[in-house]
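Residues annotated as active site in Swiss-Prot: Lys10, Asp138. Annotation comment: Swiss-Prot describes Pro96, Val97, Ala98, Gly99, Gly100, Met101, Ala102, Gly103, Gly104, Ser105, Ala106 as ATP binding site.
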Amino acid sequence: MSVTVRVPAKVNVQLAVGAARPDGFHDLANVFLAVSLYDEVTATPAADGLRVTCEGPDAGQVPLDRTNLAARAAEALAARYGRAPDVHLHIAKDIPVAGGMAGGSADGAGALLACDALWGTGASREELLEICAGLGSDVPFSLVGGAALGTGRGERLAELEVGGDFHWVFALAARGLSTPAVFREFDRLGEGLDLPEPVADQAVLDALAKGDAAALAVAVTNDLQPAALSLFPELSDTLAAGRAAGALAALVSGSGPTTAFLATDARSASDIAGVLRASGTCRDVRTAVGAAAGATVLD
């Protein structure tokens, strides 16, 4: 027997970042939107402990040891229910690695849900979310999907209404960016500044609720974008190429280096993707639609 769970990527349509806290984290107002790029995590019983394998374009960049969030999720669930984490976790990876789209977090949420189903632990949604929050700031949203406002360090979620489809184009960069490195650069750039408390922008929430891409395009923001561009200046060329191709909005996705472009509709997204592919400013281009469902057990 095995259990396979499909988990979406995310884009941040608002990422407001406060000053560093004493624990090193930052308070956030983080508006997540799940999009239709997916990893699949398959859990299969094993007699010899925990093992992680991976396939996909970026598989060589995925750690297969216990630093992988999928492995940590299985261990956390096993420890909570007093059992051995005897499982083989296989990740079919389509979400970019180190791309600012929560690919690692998706694998953690997927492994957690897959192991819960495989082992019959019957964990409640609240228990699963509690374990997710212990794994990382983005993991709870990977479990929930749809759209949500994350506060605290992003792990406290309030689900949001989405009134229609939003069409996106994602340009994948030639190399990754470390999320901790981007936050360190954010701190460096903001040294001496009095940063405001991060709050959700009502214009973003209203645009999502109405399914209004034009209104969302005006409202999207990412406080980490200057830090990502400081560490990876070439991303400015990708953003410019997408804007010139007709994107309603162009921004760095989360901590980057994936860049995200909001399109009017599916045809516009396809056109923008074609221009970006020909621009020479990125290694690959993907299109997706949001909001997508969260972690889902496949039949």
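In case you wondered, yes, glycine gets a Cβ from its N, Cα and C as well.
Taking the centroid of the Cβ atoms of Pro96, Val97, Ala98, Gly99, Gly100, Met101, Ala102, Gly103, Gly104, Ser105, Ala106 as the ATP site, the other same-chain residues with Cβ within 8 Å of it are Ala9, Ile95, Thr258. If you check the binding-site residues Pro96, Ala102, Ala106 against Asp138 (active site), the ones with a Cα inside 10 Å of its Cα are Ala102, Ala106.
Checking the binding-site residues (Pro96, Ala98, Gly104) against Lys10 (active site) with a 10 Å Cα-Cα cut-off leaves nothing.
Remark: Gly104 (ATP binding site) has Asn68, Leu69, Val97, Gly136 as non-local neighbours, by Cβ distance under 8 Å and separation of at least 6 in sequence.
Long-range Cβ neighbours of Ala106 (ATP binding site) (same chain, at least 6 residues apart, Cβ-Cβ under 8 Å): Val7, Pro8, Ala9, Tyr38, Asp39, Ile95, Ser142, Ala295. Neighbour counts were taken as the number of other C-beta atoms within 10 angstroms of each residue's C-beta; across the binding-site residues Ala98, Ala102, the minimum falls on Ala98. Cβ environment of Gly100 (ATP binding site): Leu177, Thr179, Ala228, Val252, Ser253, Gly254, Ser255, Gly256, Pro257, Thr258 lie under 8 Å away, each six or more residues apart in the same chain. One residue stands out among the recorded positions Lys10, Pro96, Asp138 for having the most other Cβ atoms within 10 Å of its Cβ: Lys10.
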